[in-house]
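Colleague: Quick one: structure below, then a few questions.
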Amino acid sequence: MSQTGTGTDSQRPADVPAPRTPGALRCEMWFADIASVRPAHLALLNDVEQRRRERYLKEADRARFTAGVALTRLVVAQQTGTVPDRVRVDRTCPRCSEPHGKPRIVDADVHMSLSHSGDKVAFALTREAAVGVDVEVVGDRDVTGLAEAVLVAAEPVRRAEEFYTYWCRKESVVKATGEGLRVPLREVVVSPADTPAQLISYRGAALACSLADLSVGPGYAAAVTVLAEGSLSVRIHDASAVLA
């Protein structure tokens, strides 16, 4: 499935690349259910990742983390022509040197981003520029308080689904920049939820990037940002075959 901008879909065989046009940006996306995690996937975690996994108290959190690591190594190996245990992921935080920073594939000309919420894990991969992805469960709770903390007047919200559209767009931007929630989301201004995804301003200034909303399925919202200007085409893959 290919999505451009707000996500106009077209079917294309998995082994046939999208036609390249000047200014076109490509991003590949995989979505996995944590139910796809198997005991064999634990072997894909290195010692540091194993210790981090064990610190999670809930089994669902462990499954999400395991799925993210497994998906990263399996997909990158597949896309770069190597084997999973040779895929090195650097998560060093530039501020404290702990292994919880923006993940980076070592010695490979690709950019990646991970996100998980509920039963879904999202993995983005591109050769274009830094990338950020966010997926969120669309809950039925009152989001009024959150909206006041996250949105500005130019970002109207009438339904909870619209709030999560804004949230995912903004999160994908701050994940792409690597600054994360150190940037107040009110300082990341995006286009209205019912219009094509676009960044209006970042910390009061322009930022060269391209956004797209993603169709994940009922009960979820998702968005991806690539830090380059152009027409962003996103191809979505089912990760179940990769994790089988």
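Yeah, the Cβs are placed from backbone N, Cα and C, and that goes for glycine too.
Heads up, TrEMBL stuff is auto-annotated, nobody curated it.
So TrEMBL says this about it:
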- 1-11: compositional bias 'Polar residues' (COMPBIAS)
- 1-20: region 'Disordered' (REGION)
- 130-224: domain '4'-phosphopantetheinyl transferase' (DOMAIN)
Colleague: Which residue counts does DSSP give the domain '4'-phosphopantetheinyl transferase' (130-224) for helix, strand and coil?
Modeller: 31 helix, 25 strand, 39 coil
Colleague: I'd like to know the mean pLDDT over the domain '4'-phosphopantetheinyl transferase' (130-224).
Modeller: 96
